[in-house]
C-alpha cells in the first residue's frame, strides 16, 4: 500500500499488440530498435504472438509494427519474423474451419478488420500458392466476430471530423492517421493519456503535433521507458488497480493502514456517474461497485443509487450498450449490496439482489464454474461468484445447488502439485481457488472438511516462489496487472498459512 501511494503509475505487463501499434504510429526519434527487439524476442516458435486462443490481435499488431519500418527491413530477423507470422496466419485461415471466432477482448471486432485492411499487401505477399498456382489474388478472410462495417462507419465519421463515442477513443490507433479536425474532438485526461492507451495516445499526438500538452509527452515517456521500449497494454488505470488491491487488503489484511492519499484519490475520481478504471475512462459498473464497497468499509459516504445506474432489467452492466455482460461485474455489485444489507441494514434493494443472484446462477456452466470477459481464467470468476452467492439474500435450493456445484468443481480441478490452473497451475489461479474454498471451509457444513484439506495441500505449491503467472486479464491483449496479482497471491498464501 505504501508503494502504491508513493507511485500511482499503473503496473501492467508489456503487450506485443500495443508495442507493434506504437512502433507503427509513433513519430518519436527513439522509437524503433527497442520495440523491434521486444517483438522478435516474444514471437512464438510457430510464428505467432500472444497466448493460445488469443493470437490474432497481438500477431496482426506485431506484424503491423515490424512491416511499417522499411529502414529496419534488412535487419536480421525482421523480414523472417513477418514472413513466418503471415504464413502461419494463412495456414489458420485456409485450414479446416477457417479462423476461429474472435475472443471477446476489448474492441477486437474493430481492431482486427482495421489491421487486415492495413496489412492487405503484406499478407498478400506471403499468401501460399493455391493448387500449385502462385500469385492469385485472395483476400485474407475476416474471422467470425469481426465487425468491418462498424470500423468503416467510425472511420467515415473520423474522416469527416465528427466525434465518435468516448468508449472508442481507447482504440484510436485503429483509425490512424487521424485528421486534425477529428483530433480536436478528443480530450486527453489530466495525466495526458487518451483513455489509458499508449498507442491510442500516440495516434492522437501524431494528429495534433505541437498542440499536445506536456503531460501527454510525459505520459508516453513513462510508458516507453518502463520496460525498455516494450509498451504496456494499458497504462494510467490507477482506479482499477487500487480498488482491486484495496478490496483484497481490507478483506485479508484488515490491520494494514490505508494511506490517506489512496482514499483521497478514489474520492476525487468518484462522480455522480460513478468511477471508471482511470482518468479519462467512462464510469463502469465494476469500478463503481468496488469503490462503493471499499469506501463504505473505510467510513466514506456510500452511493448505491449511483451503482443502480448500471442496472439493466436483470443484471448490472459494465457500460451501457455493451455487447457481452460480465459475470464478475454482477458478482462485485452483489457483494456490495450484500455488504449494505448485512453490515448497514439497508434492505431496499432486495428485489435487485435476488434478480442479480438469479442472473449469476444462470451464467454458471454445466461443469460448475463461471467464465468472464475481464479475466480468461474461470478461477477468477468462480471465486467472485462464490463470494457473492454465499452471502446473497435468498438461500434457496437453486442457489445452494449452484454453490455445491462450484465447490465440487474447485475440488475436482486441484492438480497433484496442489495448485490450480487452466493449463499449468499458476500462483494467481491457485490463490483464487484457495480464497473460494476458504469461504466454504470457514462456514462449516457440507464439504467443509474436503475444502480445508484441499487448501492444506496447496501449501507446498506456494512454497515455490519461482512459479510464474501467465497473462490472464483481458484488455485489447491479454495482460498481467502486476500489483493486483501480487496482492492476490499474498492473500492466497495468508489463507493457506491458517490451515
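Quick reminder: no glycine exception, Cβ is built from N, Cα and C everywhere.
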When Swiss-Prot marks a stretch as motif 'DXDD motif', which of 280-283, 284-287, 288-291 is it?
284-287
On a count of neighbouring CB atoms within 10 A, which of the binding-site residues 284, 286 is highest?
286
According to DSSP, which kind of secondary structure is residue 286 (Mg(2+) binding site) found in, if we only use helix, strand and coil?
helix
